[in-house]
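Asks: Please read through the structure below; I'll follow up with questions.
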2 protein chains.
Amino acid sequence: MDFDVSTLKFDEKGLIPCIAQSEAGEVLMMAWMNAEAVTKTLETRRVTYWSRSRQSFWIKGETSGHTQNLIDLRVDCDRDCLLAIVEQEGAACHTNRRNCFYTSVVDGTERELITPMKG
Amino acid sequence: MDFDVSTLKFDEKGLIPCIAQSEAGEVLMMAWMNAEAVTKTLETRRVTYWSRSRQSFWIKGETSGHTQNLIDLRVDCDRDCLLAIVEQEGAACHTNRRNCFYTSVVDGTERELITPMKG
């Protein structure tokens, strides 16, 4: 079946969440795409989100160099969430950590699992 | 630092997305939690979402038996997304597939990566 971006279920703001996962299986981050960002991601193979704070396209790594090259884009059963399998250059997180999910909740307290990358 | 659920950033509907990942690294599904669902999940160690369609708590697997036992709950850098590392019993997806992200977009067409589990 041909993929038609308009068959995805976008929320009332026209956005769909996209989880980025490395080939090794690490969940790197979650951000949002609109229909055009999905299309750009598929066409350019450079993962492109929609920045809700800046209200503009966000080609991941365009300023930081921490690009995400698309390996595979997957759609979930309800067509309201995406999973991008990516080749991540450097840190996915703006804190310079490899991934954004570095805080674990253990017995009611927060523990930092990973520290920022050097350099 | 003590974990305080009120420090999470919920959306205008009071919800936060939660990604469920197996210990083996498989992204199983994404669903939503409100503050009370987060608290219930931490207290009971049974992953509990908020069903947007039913507008009620959704203790994963309560009717299907396909429970998610919480191994670790992680908060992202912006505190607006959660990652639950879980022990998944059976299929995570309501289509009886192991995970919800079974559709891949390849060269403009959709391909089914996994088929429903038996039995």
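Positions of Cβ are set from backbone N, Cα and C atoms, glycine also.
Remember, TrEMBL labels are computer predictions, not curated facts.
In case it helps, TrEMBL gives these features for our protein:
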DOMAIN    B:29-102  domain 'Phosphoribosyl-AMP cyclohydrolase'
BINDING   B:Asp76, B:Asp78, B:Asp80  Mg(2+) binding site
BINDING   B:Cys77, B:Cys93, B:Cys100  Zn(2+) binding site
Asks: Mind telling me which of the binding-site residues B:Cys77, B:Cys93 has the densest Cβ neighbourhood, counting other Cβ atoms within 10 Å?
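Replies: Highest number of other Cβ atoms within 10 Å: B:Cys93.
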Asks: Near B:Asp76 (Mg(2+) binding site), which residues of its own chain have a C-beta under 8 A away, given they sit six or more steps off in sequence?
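Replies: For B:Asp76 (Mg(2+) binding site), the qualifying residues are B:Leu82, B:Leu83.
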Asks: Measuring Cα to Cα, tell me the gap between B:Asp80 (Mg(2+) binding site) and B:Cys100 (Zn(2+) binding site) in whole angstrom.
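Replies: Spelling it out, the Cα of B:Asp80 (Mg(2+) binding site) and the Cα of B:Cys100 (Zn(2+) binding site) are 22 Å apart.
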Asks: Reduced to three states, what secondary structure does DSSP give B:Asp76 (Mg(2+) binding site)?
Replies: coil
Asks: What mean pLDDT score does the domain 'Phosphoribosyl-AMP cyclohydrolase' (B:29-102) have in the model?
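Replies: Average per-residue pLDDT within the domain 'Phosphoribosyl-AMP cyclohydrolase' (B:29-102): 97.
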Asks: Within the chain of B:Cys100 (Zn(2+) binding site), which residues six or more apart in sequence place their C-beta under 8 angstroms from its C-beta?
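Replies: Within the chain, B:Cys100 (Zn(2+) binding site) has Cβ neighbours under 8 Å at B:Leu28, B:Met29, B:Met30, B:Ala92, B:Cys93.
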Asks: Residue counts in helix (H, G, I), strand (E, B) and coil for the domain 'Phosphoribosyl-AMP cyclohydrolase' (B:29-102), per DSSP?
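Replies: So the counts come to 10 helix, 29 strand, 35 coil.
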Asks: List the same-chain residues at least 6 positions away in sequence whose Cβ sits under 8 Å from the Cβ of B:Asp78 (Mg(2+) binding site), in sequence order, or say none.
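Replies: Long-range Cβ contacts: B:Lys9.
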Asks: By a simple count, how many Cβ atoms lie within 10 Å of the Cβ of B:Asp80 (Mg(2+) binding site), its own Cβ left out?
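Replies: Around B:Asp80 (Mg(2+) binding site), other Cβ atoms within 10 Å: 16.
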